[in-house]
Amino acid sequence: MKTTKIVIASLVSLTMVSNPLLTFAATNDVIDNTTEITTDKETSSTQPTIKNTLKAGQTQSFNDWFPDDNFASEVAAAFEMQATDTISEEQLATLTSLDCHNSSITDMTGIEKLTGLTKLICTSNNITTLDLSQNTNLTYLACDSNKLTNLDVTPLTKLTYLNCDTNKLTKLDVSQNPLLTYLNCARNTLTEIDVSHNTQLTELDCHLNKKITKLDVTPQTQLTTLDCSFNKITELDVSQNKLLNRLNCDTNNITKLDLNQNIQLTFLDCSSNKLTEIDVTPLTQLTYFDCSVNPLTELDVSTLSKLTTLHCIQTDLLEIDLTHNTQLIYFQAEGCRKIKELDVTHNTQLYLLDCQAAGITELDLSQNPKLVYLYLNNTELTELDVSHNTKLKSLSCVNAHIQDFSSVGKIPALNNNFEAEGQTITMPKETLTNNSLTIAVSPDLLDQFGNPMNIEPGDGGVYDQATNTITWENLSTDNPAVTYTFTSENGAIVGTVTTPFEAPQPIKGEDVTVHYLDDKGEKLADDEVLSGNLDDPYTSSAKDIPDYTLTTTPDNATGTFTTTSQSVTYVYTKNIVAAEPVTVNYVDDTGKTLSPSEILNGNVGDTYNATAKQIDGYTLSAEPTNATGQFTSSAQTVNYIYTKNPAPEKGVVEIHYVDEDNKQLNSTTEISGTIGDNYTTEPKTIEGYTLTTTPGNATGTFTTGSQTVTYVYTKNIEAAEPITVNYVDANGKTLAPSETLNGNVGDTYKATAKQIDGYTLSAEPTNATGQFTSSAQTVNYIYTKNTNTDQPLPTKKPTNTTPTKPSNLKTTEVKKASDTLPKTGDSAPWKSALLGVFLSSTALVIWKKKK
């Protein structure tokens, strides 16, 4: 601005000399213009947010467009111009790329004029605000390492690259930037980052925000690099990020990490989380792996043949197998106290080995010729041989237990990079002789050059250099150890040797056994066994035994331990005290008495034994716990509790008595009983029959359902008395010869009637059918004589036509007509004819009279 004013003043002066009138007019114009420019600049510097108002095509200097001189210079440089040069707004809009990083810019006002920008780098300035609302063509934005508290990139829909690392952002909205492939928002104070709309992301870095608790990257299937370390994330799902080759998720609160789908990973840092297990066997491309500061107890790296770096610091690993990791260059197991063994003989490429504070007790380094850095502080190592590690530049084995360092001197590079202070050596325990102890100094105490180290006795010991021994006098077992220190000439090696000691072991005497018996020799209390050294005194003591009184104290109650076993016996007599009774009850589960109680009596301390009873219909539920015990001064009760037996289920057996034709011979018998009980059946004696078949189930067991027992009989063959069949009239007169029927007892007989002329059978006798028996039987067929049909008819008409009841007249059976034709001269036919005529005439006369 000052330059402009000087130029104008010079022009005015020159013009006034040559043409005073013209100069005066021009000077007024120039002064007016200068005043306007000065006013605009001052206004711009005091109010940088107010835009310059120029007409199209008008120009002004970069300093006028951009109030921050540093920013103006950077923009001018982009046009290969000076900040004092003028430029139009249209020209500013043509700039496509601007790199103004590390330029001490504090104000980016004027950036809105650079509407053509596609790439902006304003890294490492002091910018607090950045308005990019007019820079919608931006595809690349790097504004990291500033002091931005807010950044609005929603208008930048073409953005593919965004780096806002190391600012003071508390939120960031990238939902309108779907083309983003790179996003770095690390080292801010974001509490969340939503990248659900940024599916084209290949790199995402949000580490060191410290407050992000959730991160969803499942939509980012193209992601190759992810760094979300130093946050508070508890869950991380990378199963959809199959192209991932670099993952930093260390220093979070992750408890589980599934990497089965991430087989392209070459770099993995999951240290400082809460992982109890992790499976990396699918990650065969892995070259860098850090799982330090996790509570891991197991780790399988056998498939990681390309691994060059492995850190498992401060884990709970019990072991680590490195035999398959032949490309390993860096290995750290610092703080792994539970690892006791480590084999690195297959790791010939090792450059750095750090086993500080590990639990290893030995280490073979003979196959590691490329080893440069070796850290073994605070280990349990007792030996160290680095003679094959000629490239070593740094060795530290402070606070170990190593005596011989002679191999270190073979590597000149270690002379000034070697630390071995604080060695502690514990020697085997020694035995005092007359309270004195002389020990030889360990011949293995050699410095790095193979020389014996300087010895300084402690605890009042005296060192004899000629014999290389140390002697201590008047030692006490109150402090049962002596020490001496060793130091190398250059002081690089310092340590202490401790030798524990003990007094001579005394000779142990044989034990003394103390017995406690009653006057019958029965044991009343547990024996006591006294032990001690030979000739030491012993003292036994009596015991207080309830209900017993000590009656005999042995002579050897006190004495000394000897070379033979001894016995001490205290004898007691039982106190006689009548005890309260023991009542034994027999009840059901409701407390109802089932049988009279029993009362047991005795003296205190005596043993009682209660017994159960057999009670019909009941079963003892359980033996009471106090069925046996001792009488005491208090009354006791023993309860036997019974359960009522359920009603037994019955079975039925039917007994049948039949002949060979299954015909019933006697009534069926039925017996019943409890299922499971035995039954016995008996056959019956049946007259006229003999038992021929006794059934197989004549005896058996009652079962559910009905059973059938069948006895089969055969009829006896016995000639019966005859049966006489008579044919008589009512007076017993024989009308026809009798018939005699014969058969066997039990057989059936059937008598038959006869046709007797002039007689009719009155009735069938009831015993016409029956059975032969051993007694004679008679069957009588009784006949009635037929009425006589040859008597003449009465000629006199009866006067009384009412029939009278016949009296007890004997009926005469009409003689049956002959079945044969009458002979010549017989008169019977005409008599019949006359009788018919007579009857017909009589009937006709009677009929007419009635008419």
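Positions of Cβ are set from backbone N, Cα and C atoms, glycine also.
Sequence annotations record features per position, and here Swiss-Prot assigns signal peptide to 1-25 based on sequence analysis.
Annotated repeat 'LRR 3' per Swiss-Prot: 137-157, in sequence order. Listed as Cβ neighbours of the repeat 'LRR 3' (137-157) (distance under 8 Å, sequence separation of 6 or more from its ends, same chain) are residues 96, 101, 115-131, 163-170, 172-179, 184.
Long-range neighbours of the repeat 'LRR 6' (201-221) within the same chain, counting only residues 6 or more positions beyond its ends whose Cβ lies under 8 Å from a Cβ of the stretch, are 165, 180-195, 227-243, 248. Residues or ranges marked as repeat 'LRR 6' in Swiss-Prot: 201-221.
Through the fold, the repeat 'LRR 7' (222-243) approaches residues 181, 186, 199-216, 249-264, 269 of its own chain, all at least 6 residues removed from its boundaries and within a Cβ separation under 8 Å. Residues or ranges marked as repeat 'LRR 7' in Swiss-Prot (evidence: experimental evidence): 222-243.
Across the repeat 'LRR 9' (264-284), DSSP helix (H, G, I), strand (E, B) and coil residues number 0 helix, 3 strand, 18 coil. According to Swiss-Prot, the repeat 'LRR 9' annotation covers 264-284, on the basis of experimental evidence.
Outside the repeat 'LRR 13' (359-368), and at least 6 residues removed from its termini, the chain residues within Cβ reach (under 8 Å) are 336-348, 350, 353, 374, 376, 379-386, 388-389. Residues or ranges marked as repeat 'LRR 13' in Swiss-Prot: 359-368.
Sequence annotations record features per position, and here Swiss-Prot assigns domain 'MucBP 1' to 506-568.
The feature domain 'MucBP 2' is assigned by Swiss-Prot to 576-638. Residues in the domain 'MucBP 2' (576-638) partition by DSSP class (helix H, G, I; strand E, B; coil) as 0 helix, 31 strand, 32 coil.
Taken from Swiss-Prot, the feature domain 'MucBP 3' applies to 647-709.
Counting residues of the domain 'MucBP 4' (717-779) by DSSP class, helix then strand then coil, yields 0 helix, 31 strand, 32 coil. Sequence annotations record features per position, and here Swiss-Prot assigns domain 'MucBP 4' to 717-779.
What Swiss-Prot records for 786-825 is region 'Disordered'.
The feature pentaglycyl murein peptidoglycan amidated threonine is assigned by Swiss-Prot to Thr824, with sequence analysis given as support.
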Tally of residues which DSSP labels helix, strand or coil - the repeat 'LRR 3' (137-157): 0 helix, 3 strand, 18 coil
Number of helical, extended and coil residues in the repeat 'LRR 7' (222-243), per DSSP: 0 helix, 3 strand, 19 coil
Average model confidence [pLDDT] within the repeat 'LRR 3' (137-157): 98
